[in-house]
Amino acid sequence: MDTFILTYSILFLALFIESIHSRYSRVAEHIRTRKRPDKELTEEEFKLVFHRSSTEEIDYDFVNLTTEITEIERKVLFTIDDKDYHLKLTRASSSVIPSGTLIRSAILWTDNQTHFHDEDSTDEHWGSSHIYEDLDKMATFLLRDDDDFTRYDGVFGGGKDMKVVGSLPARLVNIYGANYHFIYYANGSVSDVILNGAKQVVGSANTQAGLNNFYPKLLVLVDYTLFKILNKSYEETIRYLAIFWNAVDMKFKKFETPKINIIITGIIVPKNEGALKHVYDARIKSDMQKVNATKIITNSEHFFGANFSTESYFDNYDATFTMASLNDLEGQTGLAYIGAICKNNHNNAYVKDSGVFSGVLAAAHELGHLLASDHDEDVGCPGEINYNTRLTGTIMAEYRNNNVSKFIWS
């Protein structure tokens, strides 16, 4: 009897291993014989993965992610161009978008006024239980478990080496399996100016008091130009913001004192083009893809004026961040007053983002301004340093060196 059970068990195990081997052999053969994976995508699926039109050529890698799960971490292993990557992901202690974050849509009505409406509040799909990170590799991921597979969406690396990881649409999971992911570059930059009058609003009691812990509460507004890139999907937009702002938050985790943790207490997403009037009115009428970024900030003083809290029901925030996919006339990728957090009429920041996390560094830079940090060059610090024999950029440098792959606080 024991011999029969042992023989049956060995046979079952052999058949199981053979089925797994056969499955992966079919997938490998499928990849070899079919056209490029991105050419398998429909236009809708292409936009879901890359946040761009399928007419654009994307330089990407199609990679099989292997996951080893231990009690304390997820080890994610993959290879790109013969280089092995090892990420040690641990569950985030908190999410920048906590449960209960108020999400509202904005719409421009025929009365030329912006009106606000409740949308579904945040839920477990982008909470801390689904956010994993590797601080050493500057990696942050939103994980989604599907049967025996885990889908990874997020970013890793810094500077010119920052990459986006995108999971497969459901249809392609049935072809390739969910372990395969698209990986491509997220090219971002930083270029801003100190706003006129910024020196007069430097500092506040909170930023100068030597706190041990600081929790900047942000109201994030997604302009329609970015919302369109995110396929006009509220769920996709919130997932994107969860990854984006967790990536920004990670840059502040290098601070020992004070400890800085970002909390998003509100999100506004527009339903039509002109809903965020402070952005729309700053666009160049002869070329609506261009904008005067400085006007976004000056227009914000009126948009977030006396009636905003009453009409929108947003009043629990220290600063606003408006994200848009527009090209500034002077090439600025972000703007904020120095030391203006918690200061009405000046606590508004702008960041350019193209839907591929290109604005992460700029967002950290502008939040640094709000928290009273000057440009490094303005206070006698270099914008680049040799760190461990490697040329390294600083987050608060006025201009970014696009050849730098690592950024630190000076």
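Backbone N, Cα and C define each Cβ position, glycine as well.
The feature signal peptide is assigned by Swiss-Prot to 1-22. If you look up Swiss-Prot, you'll see Asn64, Asn112, Asn187, Asn231, Asn292, Asn307, Asn403 marked as N-linked glycosylation site. The Zn(2+) binding site feature in Swiss-Prot is assigned to His365, His369, His375; the stated evidence is similarity to another entry. Positions annotated as active site by Swiss-Prot, on the basis of sequence analysis: Glu366.
Structure coloured by features recorded in Swiss-Prot.
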{"residue": "Asn64", "record": "N-linked glycosylation site", "Cβ neighbours (10 Å)": "16"}
{"residue": "Asn187", "record": "N-linked glycosylation site", "Cβ neighbours (10 Å)": "13"}
{"residue": "Asn231", "record": "N-linked glycosylation site", "Cβ neighbours (10 Å)": "14"}
{"residue": "Asn292", "record": "N-linked glycosylation site", "Cβ neighbours (10 Å)": "18"}
{"residue": "Asn307", "record": "N-linked glycosylation site", "Cβ neighbours (10 Å)": "10"}
{"residue": "His365", "record": "Zn(2+) binding site", "Cβ neighbours (10 Å)": "29"}
{"residue": "Glu366", "record": "active site", "Cβ neighbours (10 Å)": "25"}
{"residue": "His369", "record": "Zn(2+) binding site", "Cβ neighbours (10 Å)": "25"}
{"residue": "His375", "record": "Zn(2+) binding site", "Cβ neighbours (10 Å)": "21"}
{"residue": "Asn403", "record": "N-linked glycosylation site", "Cβ neighbours (10 Å)": "10"}
Message = Around Asn64 (N-linked glycosylation site), which of the listed recorded positions (Asn231, Asn307, Glu366) come within 10 Å, judging by Cα atoms?
response = none
Ask   = Does Asn112 (N-linked glycosylation site) have same-chain partners at least 6 apart in sequence with Cβ under 8 Å from its own Cβ, and which are they?
value = none
Query = For Glu366 (active site), what is the secondary structure by DSSP, using just helix, strand and coil?
reply = helix
Note = Once DSSP output is merged into helix, strand and coil, Asn64 (N-linked glycosylation site) belongs to strand
Inquiry  = Using only C-alpha positions, which one of Asn187, Asn231, Asn292, Asn307 is spatially nearest His369 (Zn(2+) binding site)? These are the glycosylation sites in the record.
reply    = Asn292
Task = Whole-number Å only: compute the distance from the Cα of Glu366 (active site) to the Cα of Asn307 (N-linked glycosylation site).
result = 26
Ask   = In Å, rounded, how far does the Cα of Asn307 (N-linked glycosylation site) sit from the Cα of Asn292 (N-linked glycosylation site)?
value = 25
Rounded to the nearest Å - Cα separation of Asn231 (N-linked glycosylation site) and Asn187 (N-linked glycosylation site) = 20
